[in-house]
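Notes follow the structure.
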Amino acid sequence: MENMAEEELLPQEKVEVVQVPVPTPTPDSARVPAPAPDSAPVSASTPAPASAPTPASAPVPAPALAQASALSPSLASAPDEAESKRHISIQRQLADLEKLAFVTEGDCDSANSLNSDNLDAGNKQACPLCPKEKFRACNSHKLHRHLQNLHWKVSVEFEGYRMCICHLPCRPVKPNIIGEQISSKMGAHYHCIICSATITRRTDMLGHVRRHVNKGETKSRYIAASAAKPPKEILKEADTDVQVCPNYTVPQKTDSYFNPKMKLNRQLIFCTLAALAKERKPLECLDAFGATGIMGLQWAKHLGNAVKVTINDLNENSVTLIQENCHLNKLKVVVDSKEKEEREDILEEGEENLGNIKVTKMDANVLMHLRSFDFIHLDPFGTSVNYLDSAFRNIRNLGIVSVTSTDISSLYAKAQHVARRHYGCNIVRTEYYKELAARIVVAAVARAAARCNKGIEVLFAVALEHFVLVVVRVLRGPTSADETAKKIQYLIHCQWCEERIFQKDGNMVEENPYRQLPCNCHGSMPGKTAIELGPLWSSSLFNTGFLKRMLSESLHHGLDDIQTLIKTLIFESECTPQFSVHAPSNLNKPEECGVFIKTTDDTTTDSHSAQGKRKSNETTANLVKRQKTDVNTEHPPFYYNIHRHSIKGMNMPKLKKFLCYLSQAGFRVSRTHFDPMGVRTDAPLMQFKSILLKYSTPTYTGGQSEGHVQPASEDTVADRVEMSVNDKAEAGGCRRW
């Protein structure tokens, strides 16, 4: 191949000009390929009769001939210019590939004919896809077997075309530093019919074509009439318009992903930022993975000058779509990227500029290392652990970092090995798996913050069907980092009754760790009954004061979809019943269901946009003092599912009444957003089952109805069961809370 390449380089250096005879195609012979459109122009005169070929009137350089020989002769008469650029290794049938090696006798007059390399003495033919050194000229039947076995059988099929394997030196020859041209060595390879890329392995070529199909790039360059791009759809959410590409709900088929199911996530983050904007202004905000830019557009459109929004994305198509969406919402775009793109923002007459948005195109880790922000939101595809270190590197003091994790298969214990790989955590499927997932993410966030000498305060954590959202406030200093690191502990989980308790602090090895569990399953069941999960976040997951300010902002901006969820989070953080069974709550009062809602005027008194260094220091100290007060009232960890612990043959009480029964027994109790039938309480599992059994009624079948139950017999049965449960608890030495 090197000798052949050197022979081809000699006429390039001398730049010879030769006259190329262009034969007139006949019905019994193959057409001679036409020159490429981007090669030297060849003007052919009026064709003569078929017996005498007409030479071209314009001189053609020798390098242009080599480029013209790589074109398909079967498409020389095609009207489309893009169709003639297809490589000769891409054909429809095997016969078309064989025609490339066939040349009529009249074409052999000139030594510099287009297919002179394909002929040899004795009417032998050479392979059009192999150099002379690899496959010498041979007879037609032998060439047929060679093309069929070596090129056609290992081809890749796509839309009726076959991308055959090619052995020619197809890489362009580039001069080195001295100026000498050195031929590039390339083995067997394929040419992509869509993007003309060169792929070495067949499996890689299949994956390459599959990626084109997933992105909708099936309209390749050989199609004569290229179809117009499908129109973009405009969606509206929270008074913000966004253009979305086709297949916007499938990440594999679009460059700009938009998930309508994440609406609750976007509204929660908006209320978080709105509550933070009441403390200090202006805020440097970052949406590290913009996609369509819907989240950053909502920030800038509804919060105005209180925020300075930066939307980042590494995909060039997404950056272009973000800029278009900014203009659609009358927002000025400030472009900042490594490629130094410059685009003028032109507004139509009568339009008003609502604000500025900075759009960047770079890696999220690089951007967070270069600039400091007050608010950072991370929403990557899958896990977010790869971006936590850079997020806490330059975050300002008392700033907020929100993390959305969509790798629910690993967090919800469906792929336990992936959770161990990403989070360094050992988990199993439990009844409280959603809260377990939230504590796993918080533990990863806490470790990343501690590595940067920063601590965290968890404002709230939400785990729903499609995502896990964790929002934390950053506290600078090694003292805060040490306090945060102490809250990461292991969890002891009983596999029989699913009782759980955090392991005690200490470096000493305990002889019998089963003693820490309130249950007596280890003594009554054979073998090892408990496992160790974690490390997990063991402290509170909610900040009541911040959640109340979020509820106020949701009322102020009219976000009705998340008000019920925020109220549930508030009651869950306080661990108090949301309602009274006999007295209905009045939702018209400022105090809704036991939650006092601050107005906008009240929240301004807590603002931290103070003037002067001394005043700002005082407000910061007050803020930290208020945060410590909120953290002290921690809610009980984890919850119990009332259906999971129901008694066979008994009808459970209503969930509302059961919460009151637990509260009357002296336990803290509330519902949880993690599970619609879950109960968060500080009661141990044995007491939980005892109260559930006490107020359950027997199930009757047959002609009797459930309402005909004698109260005396019911109390007697419940008392007996409770006494037996208490006797077992006292015999096992269990601690009753």
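Cβ atoms here come from the backbone N, Cα and C positions, even for glycine.
What you are looking at is a predicted structure, and each value in this text was computed from that prediction instead of being measured.
Per Swiss-Prot, these features apply:
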type: COMPBIAS; residues: 1-10; note: compositional bias 'Acidic residues'
type: REGION; residues: 1-65; note: region 'Disordered'
type: COMPBIAS; residues: 17-49; note: compositional bias 'Low complexity'
type: COMPBIAS; residues: 50-62; note: compositional bias 'Pro residues'
type: MOD_RES; residues: S72; note: phosphoserine
type: ZN_FING; residues: 190-212; note: zinc finger
type: BINDING; residues: R266, D313, D363, A364; note: S-adenosyl-L-methionine binding site
type: BINDING; residues: C494, C497, C519, C521; note: Zn(2+) binding site
type: CROSSLNK; residues: K589; note: SUMO2 cross-link
type: MOD_RES; residues: S616; note: phosphoserine
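Locations of recorded Swiss-Prot features on the structure.
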residue : record                               : CB count, 10 Å
R266    : S-adenosyl-L-methionine binding site : 22
D313    : S-adenosyl-L-methionine binding site : 25
D363    : S-adenosyl-L-methionine binding site : 15
A364    : S-adenosyl-L-methionine binding site : 23
C494    : Zn(2+) binding site                  : 21
C497    : Zn(2+) binding site                  : 17
C519    : Zn(2+) binding site                  : 25
C521    : Zn(2+) binding site                  : 17
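Between the C-alpha atoms of D313 (S-adenosyl-L-methionine binding site) and C519 (Zn(2+) binding site), the distance comes to 51 Å. Under DSSP, the residues of the zinc finger (190-212) split into helix, strand and coil as follows: 11 helix, 4 strand, 8 coil. Under the DSSP three-state reduction, A364 (S-adenosyl-L-methionine binding site) is assigned to helix. The binding residues for S-adenosyl-L-methionine are recorded as R266, D313, D363, A364; their greatest pairwise CA distance is 22 Å. For the pair formed by C521 (Zn(2+) binding site) and R266 (S-adenosyl-L-methionine binding site), distance between Cα atoms is given as 44 Å, rounded to the nearest Å.
Under the DSSP three-state reduction, D313 (S-adenosyl-L-methionine binding site) is assigned to coil, being neither helix nor strand. Put simply, of the binding-site residues R266, D363, A364, the one whose Cα is nearest the Cα of C494 (Zn(2+) binding site) is R266.
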